[in-house]
Amino acid sequence: MMFTRAQVRKQKTSNSSSQRPRSSGGSTRHETRYKQSSTSSSGAGSGLSGASGASGARRDQYRDRDHYGKHSFELPRQHSKEEAYHRDRESSAGGVDRGERSGIGGNGGGVTGGGVYVDRRTRPRSITNRRGAIKHQKTHDINGHRFVAKFFRQPTFCAFCNLFLWGFGKQGYQCIICQTVVHKKCHDKLLGKCSGSVFTSASTILLRERFKIDMPHRFKPHTFMSPTFCDHCGSLMGGFFIQGLKCEECDVNCHKKCERLTANLCGVNQKLIVEALNHVKRGAREARDSPSTPPSLNPAYKIEASEEHDETSYTYSQFQKSGRFTAPATVIPRFKNYSVDDFHFLAVLGKGSFGKVLLAELRDTTYYYAIKCLKKDVVLEDDDVDSTLIERKVLALGTKHPYLCHLFCTFQTESHLFFVMEYLNGGDLMFHIQESGRFSEERARFYGAEIISGLKFLHKKGIIYRDLKLDNVLLDYEGHVRIADFGMCKLQIYLDKTADSFCGTPDYMAPEIIKGEKYNQNVDWWSFGVLLYEMLIGQSPFSGCDEDELFWSICNEIPWFPVYISAEATGILKGLLEKDYTKRIGSQYSPAGDIADHIFFRPIDWGLLEKRQIEPPFKPQVKHPLDTQYFDRVFTRERVRLTPIDKEILASMDQKQFHGFTYTNPHITLD
């Protein structure tokens, strides 16, 4: 016997004991969102039918993964939260007659006269497992092209230099609009605009106006007697007869499907033109910057040091200026570099697609650290080299704040990257939520205040965190929090600067990220609102049977606020989960006011909090430094070893991309 998704969902809902109780009218109102009703009361039939059609259309619309950034999660008609809430209560209590007058069924509740479902309340979902973050593939925008790193399953040639794309993993870049394939080193040298770009419908406007180049190819169908590759997309042209097109003038070959996408560069050698232009620019720059006086006497002339040396010197000098430096018994040498041989690995603390987190001991000492081990081939394959270097920078910066995870050092081998961080043996908040169900308001307030302190520190440095969740908030042995995992951070977001990357954990994503809009640090306050909701209530505020339905819920529904939480807690949750980011409570510059001034945090003495002088409401019962009771036993029972990488893949990796990763934090001392 076959069942529809709606019937299965209804059966699961009726059997679930973890969901909050609802009246019969509310349950019917929730179900009308997903299924068609063959029978309906008078005055409600047309409304419910319209709702079913709208819901079906919505599901069809979300099957396409390209809906991100097109506002597909918005409803045609929006109402305020209070308006929607009171309207639903009135419609459920008003009976059939009121439904006839307004176009809303007595039991339908959330269906407008136009047949569009606008019920803004959602049923919470219990937190049963960990949720991983997602990140859309990084794009490189050059001349209208949107290049992404890609793995090519067949021999492919570069459209710029006409050389073969070698290597394992993702060998080159391909434009997702016009399918042009190039090397990573060649993608920023293309002269022609993307022929499918939104900036122009003609691919040669820039060349025609600036370089006076507008030479269309004269393509003719051609039968190739040997294997031939397309000069546009780089792939093999298959078939036995008339496999593609060939230009009569310059012998450029392409698929029939690539003809309209090929730039008008007949007889033009892009590589030679780019080299000539670079030579001219280099000569002009050298003439402009050549000093008339010796470098030491010319204040405009600077000699830039390497990135790593500059950062270490800067942070060390800033630390000395703070006046809080006390000479310990033993100080880490300022430029000492550590290696994998300096540590003894003891246990596995966590594991993921990125690699592992291992508990390790510094040899000849009694100091223990958590070492995050990343496989280089995975980092390169996901094009996450920049994210890895950003994580190292933020971790080094976090040493200056008491509620951010502290970095000891970083080093690398041929196959792995290593982050040596402080060992926080109190577990993460996800572990404690699953153990306790939910936190008391006092405990949630304390954790929330320390998280706010850490977020404000990052925001003042122009950093968007973008991955705040229960899994990334850890407890130390005293019970204070530490924010960890900075791989999703975005740097240099000051004043009116914004970001637009689609990344984060789906349950914690702000509506503006889902809709593809530009955003700033306000997305972190939305994520904090979701996290605070989960700490106070023990459930996620938004739910959906799949990712698309979850995103629709986040953008259009309001969460349920139970009666057992205080009015102050309800007020701050509503302020944080405000869908209009301009009205969302958060930083001191927000029109809604500084979150630290909210009545919910009135019992907090922020001065004492910054000094870690407030007693935590919960202290982990850690018996000894190697106690791993607050970590998942599935991991701690595993054998401690690093996953090896294939020798051929290892030999093909470009190690230069990880230059500058090795670092020793001058702030950390051994007492």
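Placed from the backbone N, Cα and C atoms, the Cβ positions cover glycine too.
It should be emphasised that the depicted structure is a prediction, and the values quoted were computed from it without experimental measurement.
Database features, via Swiss-Prot:
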- D467: active site, proton acceptor (ACT_SITE)
- L349, G350, K351, G352, S353, F354, G355, K356, V357, K372: ATP binding site (BINDING)
- 14-27: compositional bias 'Low complexity' (COMPBIAS)
- 57-101: compositional bias 'Basic and acidic residues' (COMPBIAS)
- 102-116: compositional bias 'Gly residues' (COMPBIAS)
- 343-601: domain 'Protein kinase' (DOMAIN)
- 602-671: domain 'AGC-kinase C-terminal' (DOMAIN)
- 1-136: region 'Disordered' (REGION)
- 144-194: zinc finger (ZN_FING)
- 216-266: zinc finger (ZN_FING)
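For the zinc finger (144-194), the DSSP counts in helix, strand and coil order read 3 helix, 14 strand, 34 coil.
DSSP places the residues of the domain 'AGC-kinase C-terminal' (602-671) in helix, strand and coil in these numbers: 19 helix, 3 strand, 48 coil. In the predicted model, the zinc finger (144-194) shows an average pLDDT of 78. Under 8 Å, Cβ to Cβ, and six or more positions away along its own chain, G355 (ATP binding site) finds K372, C373, L374, K375, V378, H416, T643. Other Cβ atoms within 10 Å of the Cβ of L349 (ATP binding site) number 24 in total over all chains. In this structure, the CA atom of K351 (ATP binding site) is 18 Å away from the CA atom of D467 (active site, proton acceptor). Every protein chain considered, the tally of other Cβ atoms within 10 Å of the Cβ of D467 (active site, proton acceptor) stands at 23.
Residue counts for the zinc finger (216-266) by DSSP state, with H, G and I taken as helix and E and B as strand, are 3 helix, 13 strand, 35 coil.
For V357 (ATP binding site), the Cβ neighbour count at a 10 Å cut-off comes to 23, with all displayed protein chains included. Residue pair L349 (ATP binding site) / D467 (active site, proton acceptor) shows a Cα separation of 20 Å. Counted within 10 Å of its Cβ, the other Cβ atoms near K351 (ATP binding site) come to 16, all protein chains included. Here the Cα atom of V357 (ATP binding site) is found 18 Å from that of D467 (active site, proton acceptor).
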